[in-house]
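To start, the structure under review is shown below, and the notes come after it.
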Amino acid sequence: MAEDIKVIVFKLGTEEYGIEVDKVQTIERMMPITRVPKTYAFIKGVINLRGVVIPVIDLRGRFGLDESEHTDQTRVIIVNVNEMEVGFIVDSANDVIDLNRDSIDTPPEVVGGIKAKYLDGVAKIGDDRLLIMLNLAEVLNKSEIVQLESLEG
Amino acid sequence: MDMNQYLSMFIDESNDHLQALNENMMSLEASPEDLSIVQVIFRSAHTLKGMAATMGFEDLASLTHQMENVLDLVRNEKLAMQDFIFDTLFKSLDALESMVQDITGGGDGKADVGAIVASLQAIVRGENPSAQGSAPAANAAAAAPSEGRALLDEFQLSVLKQSVQEGHQVLFIEVTLRSDCQLRAVRAYMVFELLERYGEVVKSFPSVQDIEQEKFEFSFSLYYITQKTAEEIQSMILGVSEVDTVTSVALDQESLEQVGQPAVAAAAEAPAPSAQAAHPEAPKAASAQTSAVPKEEAKKAPAKTGGTPSRTIRVDIDRLDVLMNLLSELLIDRVRLEQLASDTQSTELTETVEHLSRVSGDLQNIVMKLRMVPVDTVFNRFPRMVRDLAKSLDKKVDLVITGAETELDRTVVDEIGDPLVHLLRNALDHGVEPIADRIASGKSETGTIHLRAFHSGNHVFIEIQDDGAGISRERVLKSALKKGVVTADQAASMSDSEVHQLLFAAGFSTAEVISDISGRGVGLDVVKAKITSLGGNVTIYSTQGKGTNFSVQLPLTLSIIAAMLVRIGTEKYAIPLSSIVETGIIKRAQIRNVHGSKMVEFRGSHIPLLSLGTIFAVPDYDESTEDETEIVVIRKGDKLAALTVSDFIGQNEIVIKNLGKYLPEVQGISGGTILGDGQVALIVDPNAFIK
């Protein structure tokens, strides 16, 4: 029997994603963002999180989805991976669930337009909820971004 | 046992000891007769050895151990310090330093020190050209019983005197155990037992209790009354295994009188109070030593030998950074509160906020001060460097350091070392002339390099001034022409100080030029670049024949700077004040197009005009529609450029923050800062706009 992990659940569009709770520092409401010129389009800029300047990424933009208007529900999830502090802008975040590692399956080859490499797996909760577990190291992998850009440009 | 938690402490303390060793070796070299310095050196080396052995760095421990052997001979006057011994010891220090550095870098501190160990051992064995030279010294030391050994109380003294009168022998015995002795206390006990069979031990240093608890290094000394002769006793003690050396001196009435004198007098009389060396633990002997030091060499590190307990603690610089972050948040909240207070017009709130302002202001001062360290942490290594360099260049140079206590922010101090090394080398190599030249030009044989640091306003100045030949205008110009740094026309019209500045030109510094021109120039462009990147400035003053002065101006701190806040469209940016020449307004008609780029006239010359709005792709700003545009004229070295902005907000002290590891380097942006309203403003890096 594998261990239980706590997972923060957030939404992009209609899909639900999960990040392990120990990688998440805090979840903040939307706050003023200072644009940083000449950087990737999905990097929205930097915010002041209690005295520390942190870059924020629009996760929709990062996954190549259409960006949406920010609402009351919009949240910034501050994660800390490989000593990098980064904020993710997500449509909403309002759940923490316990998940058994056994219930996470390896991702299928094609997942709703988002590259499988960003995913750690897919977990089925209850009868009809699917939770997509993010592979944060890949999401924040910069060398891969450079490749992507050069292919496009 | 997990030693990792002690590692950083070990490294810190090792570095301290190495620094102290270097410094004391230097002062010993200046006055080789002063055995109190040897004592200090010995103690440092001994502590270092102990620490290294505890941490399991065997090579480090064994090398220090060999050094200790040499020093031990010196402090017991069995060996006189000589040049080659200094050289070997300095070499050992270098080896130790690189081992500690290896450990700092995560290595195991292993190094091949066989050669140095061998030469240290050779010195101990007396295998060197000057062995004969040291022998008389040793004899002399043995012949003259050292008077200032230690203090006896009146009772003990009268016992001894009486014994002498009654025809007993009063001996002062010093026993040194072999350094590989395993059970020192046991050996000492055997010696005492032996002695008590034939006489009476009146007093021992350290005390018998301390010896029993092994609270001594390898030697102890004692006053002894017996019927046997000094020689007999000596050979008896040597019969105890693991005893290395024994000296036994018979005391007569007269020398006993002297023992009774206060230690200061004794120390002054005896240039080499070896008894102090024998038992550093004896507190009275230690105080005698400190009083002897100022007599010998008043200005030499009384603090090091004084033994006043340190009232400081070490703090990780990261923690100070955290403290700084918290503080800047507090300052930001203060600004918000001030705004709120003035909006609500509540007297009580205003008063509270004012008090808060004062307290947080004081707090800011304290935190800033915590980050300040004296420049002597950098200066410390220079005397040694200058000594070695002068030796290898065959020049005589005095390095005079003043203002080493001047304080700078830790971040600046960390960065400033390399440029200063460069400038000092330069002064030694090219500034101070060879001895023959100095004599020929009527100067003293020994050149002087002044290294000074002092505060002036919001800056710290560090000056390196030599009394050498100065900079030759002709030779610099000749070389600059050859290198294509200037044209002949330019050369003719240049002022002396402009010529001096040529030394910092990038093309000037390459390779072989250096030795044929008066030579100033080895990588000076790098020095300049580094200092500029720290927000500082370097100037040269030179008089031919009299010498040269490099003056480095540095900001007090790097984490808080004065900046001009500007608005571009709706975005706010901060431009460091240190790069700003002036601000102004230009009319559209003044902008000219030169070869496709915009130029504007500024004080008689045309300088490039750059639009920050365009460069940073600010979405809601386009100055080309305006009739008048605000500009900020910035400077990098002697080059100027103008940046267009929408508005000036005002001047402010800002706390520099980095933008996090995730963001790629953005050209033209050097960091961010948090404004009073809690928003982040980006800091413009003006240097990026001028090539």
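Heads up, residue numbers simply count up from 1 along the chain you see.
Even glycines carry a Cβ here, placed using N, Cα and C.
Bear in mind that TrEMBL entries carry predicted annotations, made automatically and left uncurated.
Features as listed in TrEMBL:
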type: COMPBIAS; residues: B:262-289; note: compositional bias 'Low complexity'
type: DOMAIN; residues: B:1-103; note: domain 'HPt'
type: DOMAIN; residues: B:308-558; note: domain 'Histidine kinase'
type: DOMAIN; residues: B:560-691; note: domain 'CheW-like'
type: MOD_RES; residues: B:HIS46; note: phosphohistidine
type: REGION; residues: B:262-311; note: region 'Disordered'
Counts by DSSP class (helix H/G/I, strand E/B, coil) across the domain 'CheW-like' (B:560-691): 17 helix, 76 strand, 39 coil
Other CB atoms, at most 10 A from the CB of the residue listed as 'phosphohistidine': 20
Coarse DSSP state, helix versus strand versus coil, of B:HIS46 (phosphohistidine): helix
Helix, strand and coil residues within the domain 'HPt' (B:1-103) as assigned by DSSP: 87 helix, 0 strand, 16 coil
